Structures are given as structure tokens and as C-alpha cells.
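Asks: Following this message is one structure expressed as C-alpha cells.
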């Protein structure tokens, strides 16, 4: 009969949780994968550069929108402000996310980047709503004048600046390490949020330029300015919905995969009688955690079983923390406990 190693100094009533292994390497490894952090210097530098460019042109658009009398350009400046807020939040989140785990924050500060992305998206939603109201009020009252020439110049510069911002952020959005599981595993959600903002601004700058050209040749069509504001405010809000949804998914600890599939595969292992108390959740993009209990035959080779179970989990999840608890199977206890039943949906 295989010998079961007992850990010393465990409080009474606790079951041993084995260390994890990585196949095909035979040696033992620690309880998590070696995850390369997405907080690399390039992401930091690109966000700082984007912040500087955004600040300069935001001021230019505020002045240009004021002198042109264009609500559309002022709206674009407001969106640049929301981008700037997003960039700053992202930089702060990356800085906080680099901090190591502590006794009170045992998972570290990975959630900081998720919170930063959500706050960034909420900012643009609020501003989008404000400018929708202003645009409707301008359409209703028809009490405004537009300087089409200034509007054309500022909108053209807006296109150029947003293209530059897109180029700056593009490399970070596509930068990845390792495997992808479910969500884009190593994608930095803050850079993604920033890139979506820039995409929205690029679309709006193009729309503002078209509206300015129309007003230039047909002054009576000045209503194009508030219509453009209304339309692109809605578009920008819609384009950020997925980033907001993903941020909320991480905050409510959604699973990156279908847990039923994993439970089924673990249950097919020899000597495993029941799989229960399975928890799979995401701390942040590419940073998942797993905890599962395996009820097994009393005299099985637990070390070998643990190795196989960990290999199955590793093949499906890019985890930074994995806990597999192996315990003797007791049919009476298992069937009587509601928490030990397999999740069906």
C-alpha cells in the first residue's frame, strides 16, 4: 500500500492539500504557474506618452471648440479628457498592481487594473450622457453659430492625433505572453480600455470633419454639429460596453471557463469517486485561481492522482493559484451535503 505523507503541525480537522506538479516534467513545482506580468515597462511608457499627447491636444480642442462655437469639437475634447482620466487611472492601477502580496492582501493587488478600467469606462459614459443632453438642447433651441473653418482645422488635427495615439497603444494591445484561456488571457485590460476610447475619438474626429465640411458649404445645415455630437456620443458609449462588462465579470469573480467540463474530466480519473467544492475565478486578465476537492478511494496513489489532476487543470486554465484537496470518499456525507453537488449550469 502506498505510503501517505502527513504534514506536521496541521490544525485538527484540516485535510492535507498537496503541492502541484507540471507535466511532462517529473519534478515537483509550486502551487501556481509562472505568469509573466502584463505590467511591463513598454505598457507604462506608452500610457505615459499617450497621456502627454492627449493632454496637449485636449487643451487645443477646448480652445478650438470655443472659438469655432462647435459643440461637436467640445464633445471631442471631453472625450479626450475621459481618455486622459483613463490613462492616468491605468498608470496608477499598473503601479499598484506591481505591489507584492501582503498578509492582508494575500492575492496582491491584481484587481487594481480591473477597477481602473471600470472607472475609466464609467467616466466616458457619464460624459457621453451629458453631451447627448446638450446636443438635444441645441437642436431644440437652434440658438448657436458655427465657424466652419476653425472646425475643419481642429477636426483634421484631431484625426492626426488620434491616429498617433492608436499607433502608440496598438503594440500594447497585441502584446501577449503564454496561453489564452476563455478571455484574452494576458491582455492588459487598461490598455484595451484606452485603445477603445481612442477608437471612439478617431471615429468622432472623422465625423466632426465631415460635419464641418458640410457646414462650410451649406451654412444652413449647422444642425449637423449637434447631430454629430449626439450620434458619436452614443457610438462611443456602445463601443465601451464590452470593456465595462468584462471589468464587472472580473469583479464578481466570474469563471474563465465552463467549470462543468473541468469537473467531468477530473471525475474520469481512476480512483476519483466525486468532485465537489469546485471554485474557478479570475482576479484579472490572465490571472485565474482554482480550488477543488477530490473524494477518492482510501488506498489510491494520491501523489500520482494529484499530478494527473493538476495536469488537467493546467491544460484548461492559466492559473496563478491552484489548490487540490484529496480526501477519502464517504458516500453518506457527499450525498447529504448540498454544497458538494456538481454545478449543473
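A Cβ is built for glycine as well, from the same backbone N, Cα and C atoms used for every other residue.
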Asks: Among 20-41, 152-173, indicate the range for which TrEMBL gives the feature transmembrane segment.
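Replies: Comparing 20-41, 152-173 with TrEMBL, transmembrane segment matches 152-173.
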Asks: For the transmembrane segment entry in TrEMBL, name the matching range from 47-68, 223-244.
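Replies: Among 47-68, 223-244, the range TrEMBL annotates as transmembrane segment is 47-68.
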Asks: Grab the same-chain neighbours of the transmembrane segment (152-173) for me: Cβ-Cβ under 8 Å, and only residues 6 or more beyond its ends, written as numbers and ranges.
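Replies: For the transmembrane segment (152-173), the far contacts come to 42-43, 46-47, 49-50, 53-54, 57, 60-61, 64-65, 68, 70, 73, 76, 83, 187-188, 191-192, 194-195, 198-199, 201-202, 204-206, 208-209, 212-213, 216.
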Asks: Summarise the domain 'Cation efflux protein cytoplasmic' (266-329) as counts of helix, strand and coil residues per DSSP.
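Replies: Helix, strand, coil within the domain 'Cation efflux protein cytoplasmic' (266-329): 17 helix, 33 strand, 14 coil.
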Asks: Go through the chain and flag residues at least 6 beyond the ends of the transmembrane segment (80-97) whose CB is under 8 A from any CB in it; none is fine as an answer.
Replies: 39, 43-44, 47-48, 50-51, 54-55, 57-58, 61, 108-110, 112-113, 115-117, 119-121, 123-124, 127, 165, 188, 190-191, 193-194, 197-198, 201, 284
